[in-house]
């Protein structure tokens, strides 16, 4: 039977520790006391042998060997890690088994709500469906729980208990199926639910069938947990590791200094005993949770659940079907309604109200007029702050050290995109294909098209270290590049250098974090010697 101690810990107090500690059923003391006694007996046998059966020379040799074992024991057997992971897996498995143990209330309420009628045949239909569902649970539990197996050792015991009738037992035995027949009562229940025709609407029938199917799925999950346990090697490793560790402690935890008699370890290994209680008790918890359908103190009450399901289900679909008290006006409709408490409860103090953590903060009076303004949908207050912290920090850091390095990816070399022949298009969108460019060079071509790689990709270039770029103005050295479409002239005139502050805003590169912008520029003022077609303009 499951040990309940929730009432003892219903309130926090100093004595809760003693209420929980000094229990016997289901306690750690009950699970480890026999093994602890055996361990102490062997410990004192080793102690007597070491102190009285060996001479001083032998004791010194044994002492060196034991000290070496003591230094390496904890590294060889990591008990904390092994037990923690193992218990985590076991507890998760235990929770899933309990969640699918099967309660009949939801299914019985659905059957009582959807299968309507007070005729004897209709009442028998509802009762038969509930009985078949609990019969399926009995057939499953008697194969996975030893407690239920003791209660129902054969089919005759199930018949005498009323879950199965004699003619149904004959049909069950005649079914030619070499495997388990847990599904047969569920199949009978679904046939009864459909054949009687009490549910005419398909959606309502589907709702009732879903509840029946959910109950069957719970039974199938229990069977799966019983058929496929945790791989045997895993619990073997844990159980052997814990017992091997404390077997070695019989030797490594001996008090080897015969001259030091002032410590308690000379007579009793108190720290090792506590460690034995903790680790061995931890392992016993895992052993008890491996199969919660067994006969331990904390295992699930399967027989109780069967009795509860059959009684509750029959009461829902029969004795309490379509019955409810007379409806009368309630006290909650009174305008001056107030909750009622016993006088002694009122004197003990009131509960804290469940309110929001920021509800008590007053930022404005109810009569204050708050000025509200419309915000653009692309504003940072709506879409969130853009992730420009890193780039801004890098720009400021580079400016502080006198350099500003920036790499730009040039688009893949593709077909030339035709733009309308307007001053705006000439100034804002350079025609493709184009070569790699540099901001410090006024977007001048740094080599024409001869440096484009054969695969069509253009390299990333960085601005020269010696160039100091201002955020508002750029000094441009405009050099007329050779044309890639016309033949080279016989004589190349010396390049004309024009150094003046200009503002270049190509459409393909924008410093605006919210998207490209289109500033108003004087399109009729172009830069002199603009021979490469970029259409630079004075600002």
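Yeah, the Cβs are placed from backbone N, Cα and C, and that goes for glycine too.
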Of 73-91, 92-110, the range TrEMBL labels transmembrane segment: 73-91
Of 169-189, 190-210, 211-231, 232-252, which range does TrEMBL call transmembrane segment? 232-252
Transmembrane segment per TrEMBL sits at which of 124-143, 144-163, 264-283, 284-303? 264-283
If TrEMBL is the reference, give me the range from 10-31, 32-53 marked as transmembrane segment. 32-53
